[in-house]
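Enquirer: Sharing the record's features from TrEMBL:
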BINDING   G16, G18, K19, T20, S21, R112  ATP binding site
REGION    36-59  region 'NMPbind'
REGION    111-121  region 'LID'
Amino acid sequence: MGEARRPNLLVTGTPGTGKTSFSSLLAEATGLAHINVGDLIKEKKLYDGWDEILECHILDEDLLLDELEARMAEGGKIVDYHCCSFFPESWFDAVIVLQTNNSVLYDRLTSRGYSGKKLENNLECEIFQVLLEEARESYSPNIIRAMPSDTIQDMNNNVEIVQQWLQARTPSL
C-alpha cells in the first residue's frame, strides 16, 4: 500500500487578516509547502489585465488552476489566497478562514497604503463575513474552521491548533 498523501490546506480571509504570516509560520512548524497565490499570480503572470478601481490584477482562474493542479495532487500544500470559490473542493482537507476585528484590520490595511474604494471594500468584506460565507458555499462544512487573527498570540494559537489536527490525522508528522 502506498504512502498516504499529506493533507492540503487552504488559508483564506480578507486581505490584512494575516494569511501569509500564518501560512509561513504553519509551513515552518509542519514542513508543508506554502504557496502564496498572490505572489504566484504575479510571478507567472496568471492575470488578464488590471482593475483600476481596486488597484489589482484581474486573475485568470484557468491559468492559475492549470499552474497548481500537479502541485496539489502531490499533497502537503498550504494555499494562501483571499478568494476560495474557484478552487476544486477535492484539493483541500481543511479550509481555514482567518477573521480580524475591523479596527485592527483598518490599521493593517491603511499601513499597507489601502485607501478609498479598495479600503472600503475590504472592510465591508470582513464586516459581512464574505470569505467565511464563500467557504461555506464552496466546501463541506466539516472541513471549514474560522479562526481569530487579531494578535500574534492568536496566530501562534492557530498554528498550534492546526498542527495538533495534522498530527492527529497523520501520526508520522
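In case you wondered, yes, glycine gets a Cβ from its N, Cα and C as well.
A quick note: this is a predicted structure, and the numbers were derived from the prediction, not measured.
Buried or exposed, and what's around them? Tell me for each listed feature.
Expert: Around the Cβ of G16 (ATP binding site), the same chain contributes T100, L105, R108, L109, R112, Y114, N122, each under 8 angstroms and 6 or more positions distant in sequence.
Taken together, the residues in the region 'NMPbind' (36-59) have a mean pLDDT of 90 on the 0 to 100 scale.
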Enquirer: Any same-chain residues 6+ apart from G18 (ATP binding site) with CB under 8 Å of its CB? Would you list them in sequence order, or say none?
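Expert: Looking at Cβ-Cβ distances below 8 Å from G18 (ATP binding site), excluding near sequence neighbours, one finds L98, T100, S149, M155.
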Enquirer: If you count the other Cβ atoms within 10 Å of each Cβ, which of the binding-site residues T20, S21 comes out on top?
Expert: T20
Enquirer: In this structure, which of the binding-site residues K19, R112 has the fewest other Cβ atoms within 10 Å of its Cβ?
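Expert: Counting other Cβ atoms within 10 Å of each of the binding-site residues K19, R112 gives the minimum at R112.
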Enquirer: Using the CB centroid of G16, G18, K19, T20, S21, R112 as the ATP site centre, which other residues of the same chain sit with their CB within 8 A?
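Expert: Nearby residues not in the site list: P15, T17, F22, R108.
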